[in-house]
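Here the structure is laid out as structure tokens; the discussion comes afterwards.
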Amino acid sequence: MAPPSKKSKPKPNLKNSQSPSKKPAKAKGPHRNGAVSSLQMPVQVEDDVPDFPRGRGSLLSAEERNEVRAVAEESRADERVLKKKKKEKRAQNRNQSTEDDLGSLFGDGIIGKLPRFANKITLKNVSSGMKLWGVIAEVNEKDIVVSLPGGLRGLVRACDAIDPILDDEVKGDVDYSFLSRIYHEGQLVSCIVLQVEDDRKEIAKRKIWLSLRLSLLHKSLTLDTIQEGMVLSAYAKSIEDHGFILHFGLPSFTGFMPKHNQSERRNINVSLGQLLQGIVKSIDRARKVVYLSSDPDMVSRCVTKDLKGISIDLLVPGMLVNAHVKSTLENGIMLSFLTYFTGTVDVFNLDKTFPSSNWKNDYAKNMKFNARILFIDPSSRAVGLTLNPHLVSNMAPSSLVKIGDIFDQSKVVRVDKGSGLLLEIPTLPAPTPAYVNVADIADKETGKLDKSFKEGSLVRVRVLGYRHLEGLATGVLKTSAFEGSVFTHSDVKPGMVVKAKVIAVDSFGAIVQFASGVKALCPLRHMSEFEIAKPRKKFQTGVELVFRVLGCKSKRITVTHKKTLVKSKLQILSSYADATDGLVTHGWITKIEKHGCFVRFYNGVQGFAPRSELGLVPGNDIGSMYHVEQVVKCRVVKCIPASHRITLSFNVTPTSTSEKENVKPGSLVSGVVERVTPQTIVVDINTSSHMKGTISPEHLADHHGRASLLMSSIKPGYHFDQLLVLDVEGNNLVLTAKYSLVNSTEQLPADVSQISCHSVVHGYVCNIIDTGCFVRFIGRLTGFAPKSKATDDRRLDLSEVFYVGQSVRSNVVDVSSDMSRITLSLKQSLCCSTDASFIQEYFLLEEKIAKLQVMDSECPGLSWTDGIGIGSIIEGKVHEIKDFGVVISFEQCNDVYGFISHYQLAGTNVESNSVVRAAVLDVSKIERLVDLSLKQEFVNRSKEESSTLQTPKKKRKREAHKELEVNQIVSATVEIVKEDYLVLSLPAYNFIIGYASATDYNTQKLPPKQFTHGQSVSATVMALPTPATGGRLLLLLKSLSDGVETSRSKRAKKNFSYDVGSLIQAEITEIKPLEVRVKFGSGIHGRIHVTEATDDNSAESPFSKYRIGQTLTARIVSKRSKPENIKGGSGEDEWLSSEGFNYSYGQRISGFVYKVDTEWAWLTVSRDVNAQLYILDSSCEPPELAEFQKRFYMGKALTGYVINVNKEKKLLRIVLHKPADGFAEIKENDTNHHVMSHIVEGSFVGGRISKILPGVGGLLVQIDQHHYGKVHFTELTDSWVSNPLRGYHEGQFVKCKVLEINRAVKSTVHVDLSLRSAPYGSDDLISTDSGMHTSIEHVDKITDLHPDMVVRGYVKHISSKGCFIMLSRKMDAKILLSNLSDSFIENPENEFPVGKLVIGKVLSVEPLSKRVEVTLKTSSESSKMKSDTTHLNHIVVGDIIAGRIKRVESYGLFISIDHTNVVGLCHVSELSDDPIDDPETAFKAGDRVKAKVLKVDKDRNRVSLGMKSSYIKDEGVLHTHSSESHEFAIETNDSVVLADPMIRQSNSVCSENIDNEPDNDYHPILADSESRALVPPLEVPLDEIESLDIEGDMGQDVVNVTKADTSEDRNKRRAKKKAREEREQEIRAAEERLLEKDIPRNADEFEKLIRSSPNSSFIWIKYMAFMLSLADIEKARSVAERALRTINIREETEKLNIWVAYFNLENEYGNPPEEAVTKIFQRALQYCDPKKVHLALLGMYERKEQHKLADELLDKMTRKFKHSCKVWLRRIQFLLKQTSDRVQSVVNRALLSLPRHKHIKFISQTAILEFKCGVPDRGRSLFEGMLREYPKRTDLWSIYLDQEIRLGDADLIRALFERAISLSLPPKKMKFLFKKYLEYEKSVGDEERIESVKKKAMEYVENTLA
């Protein structure tokens, strides 16, 4: 038993007071990966607090409090009895004992006295790690509520409800609905306690956080512990055709449940992630798959078997066990189960639903029961069991009661003294047990329960709560519980008036509590009618007040104390369905907008009251009458319940509509101004009801300026004759005085049905947003003009073009009647004015404003205008002469002035105070200004008219204008330019004066077009002078109406019709470099393209002979729909002749340059065909390239040749020289500009230096737009100079000769260039003083070299062994260290830097291997090399020689033969007749020895010696003297052990030595070592990066790519590759055996080894491992870097091995490893095949089990190498090893990416992987799918059969064979299938089956022959 608790705590409680949240609680720590530490407490969010618990000031509700008391029934009763009857000391001891027994848990290790009470889970003893059985009570969006044993409640976060591995699959695209898909209420679940939130004040406030993850419940479960017959729970990981793949929460094994068994479960649909229960049927331990069967009856009856050594960790809640009674306790029984374990059952979990008072008699010792585990506490090893028949049957008890239900006839079943009563509630179909705690029996304390209640008596009970797991209700018998309208949250209804007590006041409001304990919130804004600054002053704690319920949602109740709402007698509006039209109710304002108010009602119902229904006085603001949170009485005008929209009115009684019906939107009214405010003008309408109307300042006039002026002049009492009603808002009318709207009332639409597309309608802008303008018409009818359709220039900001209230003309683009959507266009080109209404209103308002101004001032009035008429002559006096004109004064009017501009003076000189007579051009009544003119045409015209005095005035006007007609187009001259209009004269009509507006409705804010005095303009006569026009002739400028054709212009155009091909006479109007603009006919314009000026494009300046005004004869070759868009218009062309775009490679064309930039010259070849010339194609001379833009100026004629054709863009690429003919077919089909077929070998091209490569890399020169060539270091200059790069810089133009072009398989082109100007092959030889020939020029061929020839070269590479020099582009030479100088060189790197020019002499030339050796020594030293061969010729096999030991190695001795410079090798096996293990101890350098010559290899200058005593029988051996002059050969052979792979590839030395060795005692591998021992180390090239083994690199891919290869070629390549691989394997094996025999012991020995075999990755890696063994990480890295530099570039496999070793090194020792590996990986990608490098890195990650990095790398690989079958298969293999269910999605992606011909290979390999390490059923599905498509492919049948045979399911195998042999296939394939079938049956050993197969084969043969 656990030790007793030392802390004094309250009594244990049964029920937690928590309530579920609709949102998951936020936690400080993550909870996805297991149990949460008790230190990581979640943040207490407001949502997680119990909403409003019931109780007297306590946070526990009455329901919860009563349930809690049920646990401590015995403890409380005993405590009360003991306090009364016994002493205090004994009572304390008893109380302590009782509390310890109840508060602690005991396990199976019970020693001594048995416990008194059964184990119970309470809030006091629940702890993290406990495993509990529960039933789901609620499934919310973000959490799950679980009912636990003892009435506790736990919460499960959404993240803890499923395993993390299933997150992506289960959640998918759904946010939170996945919980309801995989869990349901009433579901029994096993859970584990993650955390218990601690509240030190009250235990009841603790929260229990649970997890349903199987990874925590099955933590100790392994495949070995699973036995057949066990019941296991698992997630449905994926749904397959044959069943479900299961996930047990552990990665070590998976499960499978066949579907046919699942169908027995009443056809329940299974979702991903759903918990399934099943019985283990079989276990495949090899593939780690557990097969389950899910029969619900079997699962509910399956009892866990007794397992030997089962631990408590393997016990799972809900497990069914066999148990027998051990003893009875005071509140339960103790059971023993599974041999070793002890558990208890409390009185509420017995097998009888209604146990009587003598229930203990029913449980005798050793009675057997089936019980289920209820909870497990691993810390105390306490186990709780249940015998509840529902739970034993694996079903949760059904709930037949609801909280708050009242039952009058409840029977008392059992009376527990001091604890409570067990009742039987009469419910259907079965009665429900209920327990009433002793505290809930009566309001007053009762005496003994057995006296007050008898068993069998009936009582009245109210349900207080319900335990879902036990099926037990908790009740209350108190009289007070049956009183009051509110008992639980469900009793609360919106609008209910209740009394409540204030229990807390805070800044957000007050918490109040009803009499039943239910809590509610009164928000701060609802605590009073008005805002209160100090809420605590009125709402004091403990005060009882009257409230009205506002709403009840999610157990959260809000109430109000606003007096108006509480005492309101109006109907409550708590749902949108209750909002009937005309309903009057109370609400409160929540938001005030400019256009109305939002009003809130009960239960969240909201409505909107528009401004017109607020009862506002016209001109008043809403905020002045209403405020937020104000209670208002309102009337429902309209309600749409479906869309939750309610329209309200604050006018409770509807106004009379008789008058309103007469005044509708769109009607005309008149009125008098009542008052004027800055924002509006209030007008009293002339109607019987005297309605009011408002006019905003923008609606006073169409013209913005005139509206502002009128607003400042208007006064109360002003009468408006005509006003248009735009809208009616209650009793208020929205009016407008705009002339355009008033005059077009009949055309203005009030409904969508009245609008037709493409019509132009007047309106006004009501709102402007970033994306467009809203235009309103009558009422609320509004259209929208998107920004793209609002202006002709889209770059303009709409707020700069329009203003709110502006009059506009709108073109209807689209009308959607269904959606009441109108799309408009406000473009001026589509909406320009067709009349003069805009300027007509301007002049009419001028007179009105002038009259209003006269009324306010003391001016004499407007009588001064009577004698001043337009065009009349008046006399005035020159008042003042200014710079801008002359001011005239009039005697009769002192405040009126005249003005004559300089233009109107017409050259007349006037003097001050002189009298002049001038003609009136314009009169401004507002400014009291008259514009005058002294031009004779106006003055004389007035005289002529005044001469005919006898003619009546009206008659004279008619005669003056008898020729003018409305809509007539006239030519006018600008006389005066005003701010808003133009004063024009019509010369053709006796210089009559007219007026035209400079702007239009839609262009008022745009800057007007600039006009000058005397400018000629075209205009249309719109209105003749009448009083309605102010006596003015009104015109409409043509520039404003470009998009509108009048009837007269239409008639004029009919007279001119030209067709394509017509000859015309055209006049030149403008000459441009590339075109001539002409006009003909009646103002029709056209152009002549430069390519159409002459028959060919050879003329340099085809327009030079033309002049403006010249008339030409031209032919129309094309015609566009819009004349102004001829050049590049969007209309369709009608061609004179359908010219095809037929250009071919090499075709000669001519054109004219029309654009030049730094890189390209653009030519126009014809009207629609252009060409481009690249800068480097324009010349090969650098000075000409530098002046590219000067040479190709605009208009220059140019001739070139086509090298590329782009038919889509009608674009040609040309060069100036004729290209080669060999690539015509290639070029015609190419459109990507990337194939430079016009560049051929031997040609000179222009180039631009792109990059100067480091060292001796040379230059990178650009020769085309996308192509570059390389200039070798020896090709930079004609002569040999010390620094050939001097004088070159990036961007410099150079002249290059193309030496060689290599086109690779993948369309990559390598070009070799030369900057030498001397011709190749002209190598002159001169003689030197020594008599040898030297080459002053370059030698390019190895055949031109011979020994003793003097050559020059640049140092390419220098090392401690010698150097390489570059003789030419393709030829290098080596110089040994001993041949670098006659004297000793201490530091060769400093003496011979890379790039140094050296002169040397050729020692040897090998044309086949292309190896050249050069010496820099003088001629006297060169004879030493010749003596080598001479001395070798004197050495004969069998001779006995004398010599000195030069060096001792572990494998033999190097002996310098006397009197020669030859060094021979005596192998360790030839040292003595007796074996010598360590030659280094027996011999030392310098010893003199005798030896016998065993072998002489003159081809390779090698001698093998033997020192066995049996060889040397004759002592008379010639003694020769040693000479120091023979040290050269020894130096060259220093420290050589292993051969170089380069030599292996070129010669089969290894095999020849082994095959031809005559001595049987001579070890072949060691003989090979001996043969390699004399290889000079520098004979291996150090840096030959330019010669690539293309065949080896391309490998098998070339076979697949090149379809033209024959099978013979493929076989040859395969044979070569196979031979090379075998040879490499043999040599590697020999090296490994040798290295194992003789392992180097220090760094020096490794250095010797790598010098002998510098290309062997095996030795380098061993060297790296040796350094790591010494813990020298940096040295290991340096070895790796040396290996990468040293190994030849051809040895790709060897280099890749080093990279892989480098990966492993950095992965182990890098800091940080991931970053270090990434850097090495990026470097490796630059040198090796990217796919091989990726696969190598992947292999390392898999070996190191770095699964996350491997997964990321595989994602990149599948994107980078999406066409590689191997990569996709590696991806699938990885997923299968990780037991991921993403395999199917990857397979689908792969099939989309892979080429079609790889699908079969991929699918078959994937199926094999599924069989081996995945789910065989998925593999079967893949094979079946392939066989459906390719049923006759025996290879697929064979693979399929092999996989099934490997699994060993005989029935499946035979069924598959039967399917295969039933196919109709050729006899050869059928023979194969029958043979395979027979072999299988023979392997099984069933003779009967064997005979059956033979019989079927014979039947097939007979049927075939028949």
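Here the Cβ of each residue, glycine as well, is placed from N, Cα and C on the backbone.
Per TrEMBL, region 'Disordered' is recorded for 1-100 (among others).
For 1-12, the entry in TrEMBL reads compositional bias 'Basic residues'.
Annotation comment: TrEMBL describes 13-22 as compositional bias 'Low complexity'.
The domain 'S1 motif' annotation in TrEMBL covers 129-213 (among others).
What TrEMBL lists as domain 'S1 motif' is 229-295 (among others).
Mean model confidence for the domain 'S1 motif' (318-388) is a pLDDT of 90. If you look up TrEMBL, you'll see 318-388 (among others) marked as domain 'S1 motif'.
The annotation domain 'S1 motif' is assigned in TrEMBL to 404-478 (among others). For the domain 'S1 motif' (404-478), the number of residues in each DSSP class (helix H, G, I; strand E, B; coil) is 7 helix, 38 strand, 30 coil.
Residues or ranges marked as domain 'S1 motif' in TrEMBL: 495-562 (among others). For the domain 'S1 motif' (495-562), DSSP puts the residue distribution at 7 helix, 35 strand, 26 coil.
As annotated by TrEMBL, domain 'S1 motif' applies to 582-651 (among others).
Each residue of the domain 'S1 motif' (666-738) gets a DSSP state, and the totals for helix, strand and coil are 13 helix, 34 strand, 26 coil. As annotated by TrEMBL, domain 'S1 motif' applies to 666-738 (among others).
Marked as domain 'S1 motif' by TrEMBL: 758-827 (among others).
If you look up TrEMBL, you'll see 871-935 (among others) marked as domain 'S1 motif'. Broken down with DSSP, the domain 'S1 motif' (871-935) shows 4 helix, 35 strand, 26 coil.
DSSP places the residues of the domain 'S1 motif' (1061-1118) in helix, strand and coil in these numbers: 3 helix, 26 strand, 29 coil. According to TrEMBL, the domain 'S1 motif' annotation covers 1061-1118 (among others).
Among the features that TrEMBL reports, domain 'S1 motif' is placed at 1242-1316 (among others).
What TrEMBL records for 1438-1508 (among others) is domain 'S1 motif'. When the domain 'S1 motif' (1438-1508) is classified with DSSP, helix, strand and coil residues number 7 helix, 36 strand, 28 coil.
Under the heading region 'Disordered', TrEMBL lists 1605-1624 (among others).
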Tally of DSSP helical, extended and coil residues in the domain 'S1 motif' (229-295): 4 helix, 34 strand, 29 coil
Stretch of maximal Cβ-Cβ contact with the domain 'S1 motif' (318-388) [cut-off: under 8 Å; candidates 229-295, 404-478, 871-935]: 404-478
